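Let me begin by presenting the structure, written as structure tokens, before commenting on it.
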Amino acid sequence: MTIKKYTLLTALSVTAFSGWAQGNNTTDNNDEMVVTANRFPQPKSSVLAPVDVVTRADIDRWQSTNINDVLRRLPGVDIAQDGGMGQRSSLFIRGTNSSHVLVLIDGVRLNQAGITGASDLSQIPISLVQRIEYIRGPRSAVYGSDAIGGVINILTGRDKPGTTLSAGLGSNGYQTYDGSTQQKLGEDTTVTLAGNYTYSKGYDVVAGMPGAGGPRQPDRDGFMGKMLWAGLEHQFNEQFNGFARVYGFDNRSDYDGYTNYSNPLALIDTRKLSSRTYDTGLRYKNGIYASQFIASYNRTKDYNYSPLFGQHDITASLDEAEQYNLQWGNTFQLTNGMISAGADWQEQRTERKSSNQNTTADFTQHNTGIYLTGQQQISDVTLEGAVRSDDNSQFGWHSTWQTSAGWEFIDGYRLIGSYGTAYKAPNLMQLYSAYGGNANLKPEESKQWEGGVEGLTGPLTWRLSAYRNDIDQLIDYSNLTNGYFNINKATIKGVEWTGSFDTGPLSHQVTLEYLDPRNADTHEILVRRAKQQVKYQLDWQVADLDWSVTYQYLGQRYDKDYSTYPEETVELGGVSLWDLAVSYPVTSHLTVRGRIANLFDKDYEMVYGYQTPGREYYFTGSYNF
């Protein structure tokens, strides 16, 4: 776990420039390589910020049906979802807003339509995910806007040649069918194809209706999703390789909605989200230098409509977003460290059509950023730093920086301290929407301090961290002036302990968290964040049976009852949740899996007024050849 003097130097010299954008290599001593923390490859143990890696093997072992189910197991993560599969969700990292999390897909910023500026991970197909790298703490000095609470990098595709076919059934009419293959075309070309279809009848999420939002809807709120992925990679020579990828998904979700003011017969209770992504890149490596260039385009359409009248009716609404990205990154190996320098450019175009289709808003924003990151080891001390400047078409130049230091004061034990600044730029809808847009908005800004100690005590690898995050100029909607303004401040304090150890065939992972997220002006607790969390993951294998037990305790939380005016604060009680999963290899090719989610059928809410599904059963089978 802790960094050794030989680990960083040896690992980087061996693996640093072998497909460094993917971050899925391991060193000779089985220390995983990651790239997300500082935009260069490094052993996971050398990263000074808290970092977690989830592999495809982990996802299969846990039998997660969506990305939210994967992330909820990780330290610092709190998820609030409006019901079951496909319903809107919010992701909070260390108590920061859901819009303060930077989500990357294959290292490229996720394009998210809508006015919130927050990434809704409930809509990303789990079958698309090969690996997740998760960094806690500010990273705007590395990536720019949004990275106040942390960064999640979702890596797609398939990691080795072969073909996998799988199918699954579960509660509430759940069914999924999945296939992927990777084949070599000659010695230098690799083709990867994947597809998925998922369907669930769902259940009635209720959504606190009837109330101010709309009528009671005693129906199932289901979900259907389709996904296709294709990739091509070619090794031109020892120095150059290139790749091209295209993938897309179409999702449809039912929810408890609202009546349209212009047509009382139009009940807006269906969401259709369509996303298409095209990217290509070229990598070069030669000795101590490596470089990568990526170009990417994404288009997302987000409809909300009444099935009675259709998505193109005048009662429907549409958020459409286009995103262009260019990235150029360069990595240099030093004697006992690495540095990375580069630039990225992004253009976003957003179009929103109102519910009467007569009001159309079309906005464009572009951003150019330059960055420099580095890590250097000097004896028992590891130093890390980053600086970045962004030129935004709306608010001009904005600079951020961060620095960290780690001291291995005793063999196997390390003290770590860090400080970082971060920001969140206002999105186009907040700036220019006809419904309260404010072109004078300033970026939200944060300052975060963190101190910690980590060590290897017998079989136990552990880390204790304490942090404080002060966030200024928070953007919120004012009902008094009917517009968006920089009106709030937040102070978030937290303590986090993580540990992992093995006892014979049993593998244990434990997280203990205490969080105090408050509005700095009113001292109110920020909504939908648990003050205490306990997470425990137990995995073991006995007689070819691969078992997994997951426990999560969510402490007291608060929310708002938006069906009242003015909205009232309500308390959501704590809850303990258990999951049980088991898999069995019938043959060397066929594996069957079963899972019980919410084993003891606990009744609880993540969002006030929205029911959770209760106990659920899942059964899947996969065939590899």
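Placed from the backbone N, Cα and C atoms, the Cβ positions cover glycine too.
Annotated features, as they stand in Swiss-Prot:
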BINDING   Ser90, Asn97, Ile115, Thr116, Ser317, Arg528, Tyr562  cyanocob(III)alamin binding site
BINDING   Asp204, Gln217, Asp219, Asp221, Asp256  Ca(2+) 1 binding site
DOMAIN    43-157  domain 'TBDR plug'
DOMAIN    160-625  domain 'TBDR beta-barrel'
MOTIF     608-625  motif 'TonB C-terminal box'
TRANSMEM  163-170  transmembrane segment
TRANSMEM  223-233  transmembrane segment
TRANSMEM  271-285  transmembrane segment
TRANSMEM  317-333  transmembrane segment
TRANSMEM  336-345  transmembrane segment
TRANSMEM  381-391  transmembrane segment
TRANSMEM  445-454  transmembrane segment
TRANSMEM  460-469  transmembrane segment
TRANSMEM  484-501  transmembrane segment
TRANSMEM  528-540  transmembrane segment
TRANSMEM  569-583  transmembrane segment
TRANSMEM  613-625  transmembrane segment
Largest tally of Cβ atoms lying within 10 Å of a Cβ, found at which of the binding-site residues Asp204, Asp219, Asp221, Asp256: Asp221
Tertiary contacts of the transmembrane segment (460-469) (same chain, 6+ residues out, Cβ under 8 Å): 1, 50, 94-96, 137-138, 148-149, 416, 446-454, 490-501
Distance from Asn97 (cyanocob(III)alamin binding site) back to Gln217 (Ca(2+) 1 binding site), taken between C-alpha atoms, in Å: 30
List of residues, in chain order, with Cβ under 8 A from that of Arg528 (cyanocob(III)alamin binding site) and at least 6 apart: Asp78, Ala80, Ser90, Phe92, Arg557, Tyr558, Asp559, Met606, Val607
Fewest Cβ neighbours within 10 Å, where candidates are the binding-site residues Ser90, Asn97, Ser317: Ser317
Among Gln217, Tyr562, which are binding-site residues, the residue with the most C-beta atoms within 10 angstroms of its C-beta: Gln217
Euclidean distance between Cα atoms of Tyr562 (cyanocob(III)alamin binding site) and Asp219 (Ca(2+) 1 binding site), Å: 22
